[in-house]
Each structure stands twice: as C-alpha cells, then as structure tokens.
Amino acid sequence: MDHFLYRDGALHAEDVPLTEIARGVGTPVYVYSAATLLRHYNLFDEALAWGPHLVCYAVKAASNVAILKLLGDAGAGMDVVSEGEYRRARAAGVPGDRIVFSGVGKTEGEMRYVLQNGIRQINLESEPEMRLLSKVATELGVEVPVTVRVNPDVDAKTHEKIATGKSDNKFGIPISRAREVYAEIATLPGLRVVGIDVHIGSQLTDLEPFRAAYRKVADLTGVLRADGHEITRLDLGGGLGIPYARSNLAPPVPMEYGTVIQEEVGHLGCEIEIEPGRLIAGNAGILLTSTIFVKEGEGRDFLIVDAAMNDLIRPAMYGAHHDIVPVVEPAPGVETRAFDIVGPICETGDTFAKGRDMPPVGPHDLIAFRSAGAYGAAMSSEYNSRPLIPEVLVQGDQYAVIRPRPTYEEMISRDSVPHWLE
Ligand code: LLP
C-alpha cells in the first residue's frame, strides 16, 4: 500500500495534489511519500520483532539525504556500497555503528575512511579484500567486525542483471570454500569475525530462493561455530520484490518474509540484519512528467513526455514495467487508446512502454510513473545534457524540494577547457 491516491479528481501524494507540485517545481520531478517510506520500513521492523535485529536500508535504492534522515531517525541502519553512500548516511545523522559496508570492490581509501569514522561491520567478498582490510585496520590500530558474503549458488529466479547468488556471479565467496576462508581470517590481525552475509538478488517475488539460501547459511553457522568462530550476526541481504503492475499477483509481504527467516535461522540465537532497498523506496516514489506532444505514427501513436531514459533507466535497461497513470483522474468507463510512451532522447531505447492503454491525453497533461522511488533518481544521468531532475519529499500536507533542479549554467560550468584550447 502506498500514499499516492486519487482524491477530488487528482492524484495526490499524501495530502498534496501532484498538480500543485508540478506548478511549484515543474516537471519532470521525482516525488516521494514519507508516510510510505516509514510504513515500509516499519513493516520489516515488525516482521523481525521476534528477535534482535537491524533493518539496514540499502542506500543505493534512493540515496537522497532527506530520505536517509527520515529512515535513520526512525531507527534504520544503512547498507552502503561506497564512500559516497557512507558519507550520505553520516550526513543524514546515522551513526557509524548502524552502517554496514557491502560491495565487491572496496578501495583502500574507502576502507580507511570508514574505519576512521566508525562502521558497524564490513561484509567481505574476496580473499584479496580481506588481506587488504587486515593491513588497513592494523595500520590504524583498530579491530574491525567482519562477515564474509557467501555465494550459496541459489537461483533467485529474477532478471539476470540483478541476480547475484549463482556461482557464476561476481559476488561473494563460494559457500563450499567458506571454511578455509574463515580459517584464514582468524589468522589475520585487525579483523574480528562476527557473522555471515548473503544476498542472492533483487526483485524476488518468491520466498523459496530466500529459504534455500538461508537454510544453507544456517548449516554453515553450525559448521563455523564448530570450527571455533563466533557467529553472532547474520546479514541476510535485501531483495524482496514489489508489485510493479497493480494488475498482477502481489509478491510476498515483509511479514511472510520475516517468518521464513525465523523458520530457517531463528533458532541460532543470532542478531538478524537485512538490507531491503526496493521494497522500502520503490512504491514510495513516483516520477511526475508532462506530455510534450501526441504524435500520430504509422500504425502506432506516440506519447512524447518530458522525462526520458536518463531520468528513469529501468525500462530501457531491464525491460522493466512501470504503471503509468494520468494525474487527472479519468472518468469511469472512459475509452482508452494505446500509445507508445517515449522520452525525447535520441535512442529507440528511450521507450517507457509500448502499446500502453491510456485515457484521453493531450499535450501538457501530467502523467505519473508509479513505483519509481527505488533505482529511479539514484540511477539517473545527464545523458543528452539533460540536467538531473529535482526530488521532492511530501509529508502530510507539506512538501519540500530535497534536491533542486540545477540550472543549465551549473551543469555546463562543471566542465573546463584546457588552456591550450583557449
Ligand atoms: N544488499 C546488497 C548487497 C545488494 O546488492 C542490493 C541490491 C540490496 C541489498 C538491495 O536489494 P533490494 O532490496 O533493493 O532488492 N538497479 C536494479 C536493482 C539492482 C539491485 C542491486 N543490489 C533495478 O533497478 O531493478
């Protein structure tokens, strides 16, 4: 459930009509609902209430500092994958001891920065990485809590670009080699084993792959404990999917996911960490856009909107579906017409939807792309020299611009011409 509903004939974000935001900020613009973000965070928190746990929001999904502050103030931890994300979380006031650091390619500089500024745990993904971290920690005279991300070789049954738990993915250490890797860590100064980490993919709509992976983690916990390692935390990753098309069957909800976790690893007495991103932010954000032209083509009609693939790349990159709805509520039973909904970028891939049925719509009408809160703004670029679009946070009847639209001058002035060309 989210807080983007039609009221008095217009789509609202909580108590604010999207027409008002479009008037005040212009389009295209990302709009987030604070109530929805908090609701989703709380669902995970409640789903794990049976034991000690920390919900570490995956910052990569939507990384605006205002969103991180909202969630952090509610008690969330953060899962970060770069120094940039770490700095954002800290700028949002999240203490280091609530931040976990994931990723296959942490650099020495990044390690140094987080160790100096405070980190809850580092999730290691390879032997070269653990040796480097040991060196950095020893130089700084600290002992850093670590887990090893194991690759359980489980098929997450999701889009191949976002599956991470098969043995041919670049992530983690094969679970079959976990014992020898943990044995080596035990000999390395500066590292303190606290647990095991796993993440098998994103947009999972079936709980069975989670169950299979977590069962393997439970077995491994027993084996590693018998080897003498202290396993007190399990980081079980993110990945629970969301309903992108309202017409489809809804994926499992956090409470069902929490039950699977309890069934598979609840008996181990570990503190549970999870790293959800999409489920917290996805349906808490929309991309608000305006139509520029209605173009009648041969055999198909095009709705050309002012958002483009640089603003929301998911349809172009993964063939992802987003529900697309008019902001003015269509009259019941109104006749629809099929459109290809496209942006202004000079690539055929700049297509958001093909043959999508829409109620009557003309130039300058407002349209909302639903479920755009996760991996929307966070993956945007300035391709075609289109400045990054603004972000707005709504809470109740108030809204604030949480990232302004840059001017063209700001965008262009970041470039510089070398002296020999002057
Ligand atoms: N933890 C780790 C280690 C991850 O790699 C990810 C996502 C998450 C947590 C959060 O997963 P979530 O709960 O959001 O599914 N850009 C793609 C999604 C990439 C996901 C990458 N890793 C998309 O737009 O669908």
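Quick reminder: no glycine exception, Cβ is built from N, Cα and C everywhere.
Residues or ranges marked as domain 'Orn/DAP/Arg decarboxylase 2 C-terminal' by TrEMBL: 30-373.
Feature annotation from TrEMBL assigns domain 'Orn/DAP/Arg decarboxylase 2 N-terminal' to 36-281.
Look at TrEMBL and you will find Lys60 tagged as N6-(pyridoxal phosphate)lysine. Around the Cβ of Lys60 (N6-(pyridoxal phosphate)lysine), 23 further Cβ atoms fall within 10 Å across all displayed protein chains. When secondary structure is read from DSSP and collapsed to three states, Lys60 (N6-(pyridoxal phosphate)lysine) falls in the helix class.
For Pro276 (pyridoxal 5'-phosphate binding site), the same-chain residues 6+ apart in sequence whose C-beta sits under 8 angstroms from its C-beta are His40, Phe44, Val55, Tyr57, Ala58, Gly238, Gly239, Leu240, Pro254. Under the heading pyridoxal 5'-phosphate binding site, TrEMBL lists Gly239, Glu275, Pro276, Gly277, Arg278, Tyr375.
In three-state terms derived from DSSP, Arg278 (pyridoxal 5'-phosphate binding site) belongs to a helical segment. Counting only residues at least six positions away in the same chain, the Cβ atoms of Ala58, Ala61, Ser202, Gln203, Gly238, Gly239, Leu240, Gly241, Ile242, Ala374, Tyr375 sit under 8 Å from the Cβ of Arg278 (pyridoxal 5'-phosphate binding site). Per TrEMBL, substrate binding site is recorded for Arg278, Arg314, Tyr318, Glu347, Tyr375.
If you take the C-beta of Cys346 (active site, proton donor) and look for same-chain residues 6 or more apart in sequence within under 8 angstroms, you find Asn384. Positions annotated as active site, proton donor by TrEMBL: Cys346.
Between the farthest pair of Cα atoms in the pyridoxal 5'-phosphate binding residues (Gly239, Glu275, Pro276, Gly277, Arg278, Tyr375), the distance is 15 Å. In sequence order, the recorded positions near Arg314 (substrate binding site) (Cα within 10 Å of its Cα) amount to none of Lys60, Glu275, Gly277. For Lys60 (N6-(pyridoxal phosphate)lysine), the nearest neighbour among the binding-site residues Glu275, Gly277, Tyr318, Glu347, judged by Cα separation, is Gly277. Across Arg278, Arg314, Tyr318, Glu347, Tyr375, which the record gives as binding substrate, the greatest C-alpha separation is 27 Å. Under DSSP, Gly239 (pyridoxal 5'-phosphate binding site) is assigned to coil, being neither helix nor strand in the three-state scheme.
With respect to their backbone Cα atoms, Glu347 (substrate binding site) and Gly277 (pyridoxal 5'-phosphate binding site) stand 29 Å from each other. Cα separation, Gly277 (pyridoxal 5'-phosphate binding site) to Tyr318 (substrate binding site), rounded: 17 Å.
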